[in-house]
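Per TrEMBL, the features are as follows:
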- 4-120: domain 'Gfo/Idh/MocA-like oxidoreductase N-terminal' (DOMAIN)
- 128-239: domain 'Biliverdin reductase catalytic' (DOMAIN)
Amino acid sequence: MLGAVVVGIGTAGCVRIRDMLVPLRGSHAEKLAVKGFISRRSLEPQQGVSQISLEEALSRDDVHVAFICTENMSHEDNVRMFLQAQKHVCVEYPMTMSYKAAVELWDLAEEKGVILHEEHIELRSEEYKQLKREVEGKTLQEGTLHFTGGALKPGFGFPSFSGIARLTWLVELFGELSVSAATLEEDPANSYSKMTAKLLTSDNRSLTWIEERQPGLPRAKNINFQFDSGTLTQIPPAPRGTVGLFMQDLIHFSAKLAGQVSPEELQKERVRVLHCLELAGKIQELCQG
């Protein structure tokens, strides 16, 4: 068994505890045992799991794994501390707020001989899987992905990083991308922001990615993908999955810990994660420049 701690007790952190307490039977996730959680606040036990200090988690020999579920801006520091302590790490996206820092963390994980995994539950949703099936084999002419949602709390970073799940969709659907232009509109008085990024595929097809946020805006993804064979304007409906998104990710991470994920797949994930972080950084530079 591998002992694990959860850092950050928001929605994701509580789900991580629950999934380790009741893992999918017969999966690699059964090899994880939650030893405690870490929070800046002093809290009562959560789901029967007690709070421990950061120092204790870093030093204990029976803690082998850390799940980082804090605000985005603090991911990098937490990941670095646990890697330095030779613990495996699963971190919510984005693992860092810069491409350079992510490369450093991955190099550190290799040096310490541990697994570094960035969670991407958006790639495990049934709606994404159905969309990918719909897109496969078609030739893109141009497209738009427009996300709307409520205002973000402080600590989640620039929109190209806080919204990197949508960027990851585009990279997974259409391959390697480049950034040609990006703008950011803001109205702080009304907590409004709208980031627009112009992207190009490897064969110079145009994609527009929009992240628009304001209190009261419905959470939605609106698409318009024009192909040589027709236009897709709605994400195809998909049935609800039988296994939760975080549980799917936990099983995948646990398979990595068990050495059941091929080096080729690990490298493919790393390339995709770093490519998306590099794109997010370039978008931020253009918006702020």
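For all residues, glycine too, the Cβ spot is worked out from N, Cα and C.
Confidence annotation: the domain 'Gfo/Idh/MocA-like oxidoreductase N-terminal' (4-120) carries a mean pLDDT of 96 in the model. Secondary structure of the domain 'Biliverdin reductase catalytic' (128-239) per DSSP (helix as H, G, I; strand as E, B; remaining residues coil): 26 helix, 50 strand, 36 coil.
For the domain 'Gfo/Idh/MocA-like oxidoreductase N-terminal' (4-120), DSSP puts the residue distribution at 48 helix, 27 strand, 42 coil.
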